[in-house]
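Database features, via Swiss-Prot:
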- 21-28, 69-73, 127-130: GTP binding site (BINDING)
- Cys214: S-geranylgeranyl cysteine (LIPID)
- Cys215: S-geranylgeranyl cysteine (LIPID)
Amino acid sequence: MAAGYRAEDDYDYLFKVVLIGDSGVGKSNLLSRFTRNEFSLESKSTIGVEFATRSLQVDGKVVKAQIWDTAGQERYRAITSAYYRGAVGALLVYDVTRHSTFENVERWLKELRDHTDPNIVVMLVGNKSDLRHLVAVQTDEGKAFAERESLYFMETSALESTNVENAFAEVLTQIYRIVSKRSVEAGDDAGSGPGKGEKINIKDDVSAVKKGGCCSG
């Protein structure tokens with residue numbers, strides 16, 4: 001195969017990442033900004049579930065992200081189990097201009113951990129950082145919650161494309177590092193690890209990026 005050429009579906013790893021958080025916090029625009037570099041001011045609530053994909057290079061490997069998005073309204077809770085199944089990363093999103101969306105982050109995190117391995121790679125995202133004059137959730141508040149729960153943290157603006165790439169890339173990089181570390185520890189010189197293009201379900205290996213481990217609540 002010629003160096004430098006890769007077909008669209010030629011990837012080394014496939015990671016499922018879910019977007020969670022209240023309705024209206026900008027999950028769909030984060031998804032469209034990252035996967036298509038698009039933003040819609042007239043965003044309608046997502047009906048049911050949609051997902052988009054994008055591939056990134058991480059340490060010379062092609063990592064394909066399958067990113068799932070659903071509306072945050074309670075009436076969609078019936079799809080919860082299928083939505084979370086197999087997810088190895090999550091962006092937990094709140095709107096920095098609406099404090100109630102930040103208050104609900106704890107409930108979303110509990111739901112996430114109820115349906116996935118508790119060591120899933122999670123990035124707490126304070127979106128709409130471009131609306132500086134309307135900020136209701138201070139950066140320190142988000143940072144403190146993230147540190148308490150061993151989450152990663154970034155503030156983003158899907159509108160201005162601020163930190164959107166960084167947030168997704170950080171989650172994918174951390175997942176990849178856990179997977180590659182596991183392969184090295186298992187003596188994966190003979191190619192006994194996951195096959196090319198295989199979807200990875202990290203389970204307990206994600207604990208490698210946690211600072212203080214995880215306690216059962």
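In case you wondered, yes, glycine gets a Cβ from its N, Cα and C as well.
Annotation note: Lys27 (GTP binding site) sits in a helical segment as assigned by DSSP. Taking the binding-site residues Thr70, Ser129 in turn and counting surrounding C-beta atoms within 10 angstroms, the largest count is reached at Thr70. A simple Cβ count within 10 Å picks out one of the binding-site residues Gly21, Gly24 as the most packed, and that one is Gly21. According to DSSP, Thr70 (GTP binding site) is assigned to a strand segment.
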